[in-house]
Amino acid sequence: MGKGWHHPSVNGSRSSKTFKPKKNIPEGSHQYELLKHAEATLGSGNLRQAVMLPEGEDLNEWIAVNTVDFFNQINMLYGTITEFCTEASCPVMYEYHWADGTNIKKPIKCSAPKYIDYLMTWVQDQLDDETLFPSKIGVPFPKNFMSVAKTILKRLFRVYAHIYHQHFDSVMRLQEEAHLNTSFKHFIFFVQEFNLIDRRELAPLQELIEKLGSKDR
């Protein structure tokens, strides 16, 4: 019997450290090739260059592949600290109130673990929706794809912000800070390259963003 079904807070010693199941991109697909390309260019160490749209590629597809990748990264990073993120330790998620417009229309105030659970479940539902994130060759992206992607990335940013603000000491203890910083830097360079998150939304980590950016100039 696998441990995958346990709720994160019920079982801290779960075997796989992701918070939600990993979203896989089908092997052999063009999106898989794009993901491999992204991983290879990341290896070069030049993140500004690594986030740029590869020549001849479709912008929507590039954003889709990277959005799935960021979801998986954040899923893993948050998975390493879920046992420290509890109703008691994090009773609120700063000024954020959760609403997804369908199940919960009026924004509700909730604890950080609940908020992040709602958020990651919502993102997962978007990524699994073939009409929004088509995985089949030749199926076009919907007209509202860019606005959906922007909302996903804006919300994923909030998980990074929560980890940095509330759990950085745990991240340090687990020696995950290099992993977290690299992941966040990649995320920020990506959203800056395509102007995907409003500057106001990035305010909670503005100093860190400036610091990460200044090392690359």
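Glycine is treated like the rest: Cβ placed from N, Cα and C.
What TrEMBL says about this one:
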- 1-26: region 'Disordered' (REGION)
- C85, C90, H162, H167: Zn(2+) binding site (BINDING)
| When you measure from the Cβ of C85 (Zn(2+) binding site), how many other Cβ atoms are you left with inside 10 Å? | 21
| Check: same-chain CB within 8 A of Zn(2+) site center, minus C85, C90, H162, H167 | I81, F84, S89, A112, P113, I116, I163, H165, Q166
| message | Around the C-beta of C90 (Zn(2+) binding site), how many further C-beta atoms are within 10 angstroms, looking at every protein chain? | response | 20
| remark: Going by C-beta under 8 A and a gap of 6 or more residues, the same-chain neighbours of H167 (Zn(2+) binding site) are I81, F84, C85
| If you count Cβ atoms within 10 Å of the Cβ of H162 (Zn(2+) binding site), leaving out that atom itself, what do you get? | 23
